[in-house]
Amino acid sequence: MIQDKSFASRIFDVGNYLILFLFGLACLFPMVHVIAVSLSNRAASMGGFVTLWPLGTTFQNYLEILEAGPVYKAFLVSVTRTVLGTSINMAMTVLAAYPLSKSSEELKGRSVFMWVVLIAMLFNGGLIPWWMVIRNLGLLNSLWALVLPGALPIWNVILLMNFFREIPKELEEAAIIDGASYWGTLYYVYLPLSVPALATLTLFAAVFHWNAWFDGMVLIMDNEKYPIMTFLRTVVVDMNLQILTVNMEDIYNLSDRSIRAANIVVATVPILIVYPFLQRYFIHGIRLGAVKG
């Protein structure tokens with residue numbers, strides 16, 4: 001028989017819900033404010049009168065963005081980078097995690113490889129040597145400069161390696177007895193059983209590539225090859241509206257605050273649309289990170 005909660009327990013629950021509600025409002029307020037600013041006219045936006053509701057509602061800011069060629073190009077670069085980069089990340093992650101999930105008897109020198117992996121995760125050669133390596137490889141100002149340097153995400157390898165090690169060894173042994181090779185056991189045993197982990201890591205990789213902006217600033221010299229977040233950073237932080245439009249009259253008639261806010265909304269819409277459907281994978285990812293191997 002379930003006992004009713006005590007009065008103190010109910011007060012504690014109400015307090016928790018109230019704190020979570022206030023925290024949710026604190027997270028929601030900036031988003032609503034940005035949307036309101038993006039829909040407000042120049043006078044209201046420049047005067048700082050907009051809070052949570054647009055004043056002098058206008059869609060001209062969004063029309064300017066959608067009519068600007070660089071925005072479409074930046075979106076295309078980001079979509080291409082996200083698809084290509086995520087595919088390469090997952091392929092490299094699986095190929096690295098599977099052998100590292102084996103014991104030292106099965107993989108000679110496993111401890112050495114693990115030390116190499118850990119050192120690569122904890123230390124790096126510095127920004128300037130990293131940039132010089134990419135330049136010497138001839139990757140500067142190309143899409144590959146945004147994809148190949150991060151082709152092997154070490155943390156994802158460790159997570160997937162631990163997940164592989166949780167799969168019963170007997171399943172692999174049964175597959176080998178039936179004549180399967182290591183490639184066969186990976187394809188027919190490990191990958192089907194690791195769909196939740198693979199989906200989580202795929203989502204993490206896709207969000208990383210979509211949100212990345214710093215490497216675009218450092219490695220891409222042509223504004224027309226910027227990914228959307230680098231493009232957005234140039235417009236918002238540097239206040240460079242000329243990258244958006246060459247019409248100086250439009251720049252004068254529109255509010256820079258509203259234009260920047262509209263850019264933020266446009267750049268974040270894809271994540272806002274996808275996230276509710278994939279939220280459970282983020283939750284699974286938290287549990288995945290807690291797996292001990």
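Every residue, even glycine, has its Cβ placed from backbone N, Cα and C.
For reference, TrEMBL has these:
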- 75-278: domain 'ABC transmembrane type-1' (DOMAIN)
- 17-36: transmembrane segment (TRANSMEM)
- 43-63: transmembrane segment (TRANSMEM)
- 75-100: transmembrane segment (TRANSMEM)
- 112-131: transmembrane segment (TRANSMEM)
- 143-164: transmembrane segment (TRANSMEM)
- 185-208: transmembrane segment (TRANSMEM)
- 259-278: transmembrane segment (TRANSMEM)
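Among the recorded stretches 43-63, 75-100, 143-164, 185-208, 259-278, the one sharing the largest number of Cβ pairs closer than 8 Å with the transmembrane segment (17-36) is 43-63.
Tallying C-beta pairs under 8 angstroms between the transmembrane segment (143-164) and each of 43-63, 112-131, 185-208, 259-278 places 185-208 first. Long-range contacts of the transmembrane segment (185-208) within the same chain, counting only residues at least 6 positions beyond its ends with a Cβ under 8 Å from a Cβ of the stretch, are 82, 85-86, 89-90, 93-94, 98, 150, 153, 156, 159-160, 163-164, 167, 171-172, 175-176, 271, 278, 281-282, 284-285, 288. Listed stretches 43-63, 75-100, 112-131 were compared with the transmembrane segment (259-278); the greatest number of C-beta pairs under 8 angstroms is found for 43-63.
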